[in-house]
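J.: What follows is a structure written as structure tokens; I'll ask about it next.
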Amino acid sequence: MQRRIMGIETEFGVTCTFHGHRRLSPDEVARYLFRRVVSWGRSSNVFLRNGARLYLDVGSHPEYATAECDSLVQLVTHDRAGEWVLEDLLVDAEQRLADEGIGGDIYLFKNNTDSAGNSYGCHENYLIVRAGEFSRISDVLLPFLVTRQLICGAGKVLQTPKAATFCLSQRAEHIWEGVSSATTRSRPIINTRDEPHADAEKYRRLHVIVGDSNMCETTTMLKVGTASLVLEMIEAGVPFRDFSLDNPIRAIREVSHDVTGRRPVRLAGGRQASALDIQREYYSRAVEHLQTREPNAQVEQVVDLWGRQLDAVESQDFAKVDTEIDWVIKRKLFQRYQDRYNMELSDPKIAQLDLAYHDIKRGRGVFDLLQRKGLATRVTTDEEIADAVDNPPQTTRARLRGEFISAAQAAGRDFTVDWVHLKLNDQAQRTVLCKDPFRAVDERVKRLIASM
């Protein structure tokens, strides 16, 4: 499948610092954030005009699920649009707090752990054909996903009883299973719950919950681009060396704790391989695969960055990727800070900087400041993100959903939507079922809109 439907769900961390005496719990802060959403959507679980879903998840975490996208840059743009949508709610909620005499600054973090050790996720969704053998997909994909943090981790300072250490991934410490149907209790790498949001006879949705939330656009593109390409190669029957891991849960932590990528991890049957070895195998197969697949500039850009990042890890010279990979950008920032102020990695100011990197408020968040200085590479523009805040992708089913929502809101009609249904809540209860996520034009939807 060279044209694949993809989406990203991001849970955001939320906190608030108060100027006055009154304090609010995280639940109350989240309710302030969603008050405007509830006022027009009558719920804290809504679909937006751009086709995305916005809701309050378990544990007061705002969650944004992008609309269905069918290209990498489109997905990165809509992922960034989610940050802007949440930032808009943040500004509105701060104004409400001020109006009610509760002065406070609200912070939304696009990260994966809070100071109490709780974890929240970034979930990737990839459409795959039902006909394939799912066990082969998971067998080949698992070693790739365990070691993928080497190229696209968000980076984190982990405080251990011995010392502070820099890790590649925020999520690695919180993963407890390889393949499972749970998402919160045991946190697997691949979630098997079968909800295709499409024609179930044709498709299933691969739900990957091991990845970090990325701030840098090129890192997000690398994360989803490499995974989608590995899936494409599996579907095409490309042979891979067997890197079945003896213990994926131990391996994911070992990889995260080693920025050199050279630490050997145990494979099934007693063999060993390093994260670098494993990633090199998938990368070299991808380079070969590019010779036979349809040319695609975005996919070629991904493979180029993949190779340059592996070279950088191998040589430990990151100069050629230090504006493109989150954990490399962050580590360089910490090192400069430590040198300038003569401080240890365990200094609380570094932990503060670690958190501030993920602050999504423009003009305040550290990553945003780096990006403005040209220290983080982009694949999209502010104009494209602003457009994605208001408009759905034009090449997928999301267009139908977005146009239906916009028309119903403009006509003042009561409606219900989810990923596959568009329904007018009138006497006739007219409903259109959109089972094909690739279909951006549908006469039935046009007629439903015309009837409003």
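Including glycine, each Cβ sits where the backbone N, Cα and C put it.
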J.: Of the candidates E9, E124, E133, E173, which one does Swiss-Prot list alongside Y55, E63 as binding Mg(2+)?
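T.: It is E9, as the record lists it for that site.
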J.: Considering the ATP binding residues T66, W419 given in Swiss-Prot, which of R49, R53, R430 is annotated for that site as well?
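T.: When Swiss-Prot describes the ATP site, the candidate it includes is R53.
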J.: Round to a whole number and give the Cα-to-Cα distance in Å for the pair T66 (ATP binding site) and E9 (Mg(2+) binding site).
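T.: It is 6 Å, counting Cα to Cα.
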J.: Whose Cβ, among the binding-site residues Y55, W419, has more other Cβ atoms within 10 Å than any of the rest?
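T.: The most densely surrounded of these binding-site residues is W419.
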J.: Tell me whether Y55 (Mg(2+) binding site) sits in a helix, a strand or coil according to DSSP.
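T.: In three-state terms, Y55 (Mg(2+) binding site) counts as strand.
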J.: Counting only residues 6+ away in sequence within the same chain, which have a CB under 8 Å from the CB of E9 (Mg(2+) binding site)?
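T.: When sequence neighbours closer than 6 are ignored, E9 (Mg(2+) binding site) has E63, Y64, A65, T66, G121, C122, H123, N125 within Cβ distance under 8 Å.
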J.: Going along the chain, which residues six or more apart from R53 (ATP binding site) have their CB under 8 A from its CB?
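T.: Same-chain residues close to R53 (ATP binding site) (Cβ under 8 Å, separated by 6 or more) are N45, V46, F47, Y64, A65, W419.
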J.: Can you give me the residues near the recorded Mg(2+) site, meaning same chain, not E9, Y55, E63 themselves, Cβ no more than 8 Å from the center of the site's Cβ atoms?
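T.: My list of surrounding residues reads T10, E11, R53, L54, D57, P62, Y64, A65.
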J.: In the same chain, outside R53, T66, W419, whose C-beta lies within 8 angstroms of the Cβ mean position for the ATP site?
T.: G7, E9, F47, G51, A52, A65, A67, E68, A398
J.: Give the number of CB atoms, excluding that of E63 (Mg(2+) binding site) itself, located within 10 Å of its CB.
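T.: Counting Cβ neighbours of E63 (Mg(2+) binding site) within 10 Å gives 20.
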